Amino acid sequence: MQTVFSIGVDALAYGMVLFVISIGLSVTMGLMRVVNLAHGAFAMIGGYIASYAARDLGLGYAVAVMLAVVGTILIAIPVERLLYRRIYGQPELTQVLMTIGITFCIIGIANYVFGPTLKTIPTPEALREPVSLGFRTVSAHRLFVIGCGLAVALGLWYFIERTAFGVKLRASVDNAAMAAALGVKTQVVYAVSFAVAVGLAAFGGVVGAELLPIEPYYALRYMVTFLVVVSVGGAGSIPGALAACLLLGGIDTTGRYLMPEFGEFFFYLAVIAIVWLFPRGLAGRAK
Amino acid sequence: MKTFTIAALAAALLGGVAHADTIKVGVVGPFSGPFALQGKNFKAGIDAYMALNGNTVGDDTIEIIYRDIPTADPAQSKALSQELVVKEGVQYLAGFYFTPDAMAATPLLEQANVPMVVMNAATSAIVTKSPYVVRTSFTTWQTSTPIAKVAFDGGTKKVISVVSDYGPGVDAEAAFKAGFEKAGGAVVEAIRMPLQTNDFSPIMQRIKDSGAEGVFAFLPSGPTTLGFVKAFNENGLKDAGVKFFAPGDLTQESDLPALGESALGLQTTFHYAVSHGSAENKKFVEAAVKAIGNPAELSFPSVGAYDGMHVIYKMIEATGGEQDAAKAVEAVKGLSWESPRGPVTIDPESRHITQNIYLREVAKAEDGTYYNKEIQTFEKQGDPGLAAAK
């Protein structure tokens, strides 16, 4: 029984890390219809900024997280204006080629500027302590990540479903021409949504850095994982992404505990089964 | 003039006999991509050797030609090696970070009349693939066997081994098991983890449930190592008194700044620590740091490359610059010298390097950086892996 609880805690924590990192991609792919393979690259930029702020400048963790999110958005704005704006509504292949190109550029620049070594983001003392849950200990950082995941899920749901901006965003996505005719500034809506998605990527990159350490190849190394989460969850759906992360996190963690020599077998078996049963993902909307 | 041209052409066709004034050495390694740091270390070691010993042997000038192979890719390695031999006319092949890359190029050696000096690839069997292979790095068996003795002598009798599921990991598992059971201990469980593991918590739970007093671990250096060591601490295994044993790949110098506090006190066995206290090493580190730029990036492949260059220089000396692979390899069999890592010998039988293996502990220097502090020496260790394979 203890083992079951123990696996449960690990699964929840891992699932939440996946969620925080992938949800931004779900927004770009589902709501903005852009296959943004450079998502991991933006997460990596966030990680580098936070690492630089916390390690080299000696700033606090909270400040570093904020700087990372703001800094990454600032970097992303000219990229959106100059590059992404051209590929909205283009065929997927064009989008994939463009964004994978951006990814390689960012990898090269990161390698040149920060060097090929691993970068850590020092966490505050309070997050480093192991916390006892009675039946086992778990690092405080994991609990923090679980909290962040829940906060992001709630906040984003409220933002998209309950605010005036969310209404405009959904309108622009469903029918850009009609929304523009009704006075919605679609370009601004897209720019803001892109900024939000990039900000989430950066946030995920920073808080997830304990599990997925920051180094130049981060952007490629975890790309498949992000894409799997989005396609299983259903692009653009927050509850879908959350369910996918918890489910995949659970299957992966259990598989690794019981039969580590099977590797990622169970993870991908689950992905195949889910995509077979729900071709649009768990909560994907029909077109 | 015409006769001169013909003579030069003839000389070139004969493979640069006698008065060839430039001897080319082809180095194959990962100089871009995720393992670029290791390639950079190759280059730093080679540059350091040439800075300290000059770029000439006798009348001949040595020229290094680099070929990039970003990840383990045997077919590409073979193609690049062939191109180096045929088009560039190299007399020596060197480098090779990954075992499959080295293996793939060995069939070329005999026909091309080219010796290969392996500067890293650490699987025991490579030297058996061709009589022209000489290795100046280490094998996983060589570095993993002494830690078994350290574990047993330290009072740990039950160990669980946890390795990444790929060639070197399996080698490390076998080496530790052989050494530990010979000493009288028991390996209670052997877990092989997939290479793509990000979250090590479930593995830590397995370790805890196994009731072992210590864990032997092997993972490729880089991001996974960081995750593993962190998980070890955060899941309370360190506090529960579970001992941690590993070969030195896990605490290579370029990863230490990232591992930091969480690696403090980890004991590993390896053939080289940048901190090794000898005049030879001081000279080497100074030159290598100059070559690599950032002192924090200097790590073990550099010393394999440095000694590899030493072997190649000796080969050129012995053959007088002529292309004669058999004579060159014969000349370095049994060769002994003082390497930055300590006294080393090329074992005449296996053509692999016999060297000291050191037990080291991650310690904090006065300036706040972390380093591997050598605390015990196992002298003149050969490669137990070849014997085990027979």
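Just so you know, glycine gets a Cβ as well, placed from its N, Cα and C.
Look at TrEMBL and you will find A:6-27, A:34-53, A:59-84, A:96-114, A:140-160, A:188-212, A:224-250, A:262-279 tagged as transmembrane segment.
In this chain, the transmembrane segment (A:188-212) touches the transmembrane segment (A:59-84); three or more CB pairs sit within less than 8 A of each other, excluding pairs fewer than 6 residues apart.
When each of A:34-53, A:140-160, A:188-212, A:262-279 is scored by its Cβ pairs under 8 Å to the transmembrane segment (A:96-114), the top-ranked stretch turns out to be A:34-53.
When Cβ-Cβ distances under 8 Å to the transmembrane segment (A:140-160) are tallied for each of A:6-27, A:188-212, A:224-250, A:262-279, the top count falls to A:6-27. Residues of the same chain lying 6 or more positions beyond the ends of the transmembrane segment (A:188-212) and with a Cβ under 8 Å from any Cβ of it are 14, 17, 20-25, 27-28, 31-32, 36, 39-40, 42-47, 49-51, 64-65, 68-73, 76-77, 80-81, 84-85, 88, 120-121, 123, 139, 141, 144-145, 148, 152, 156, 159, 165, 168-169, 172, 179, 218, 221-222.
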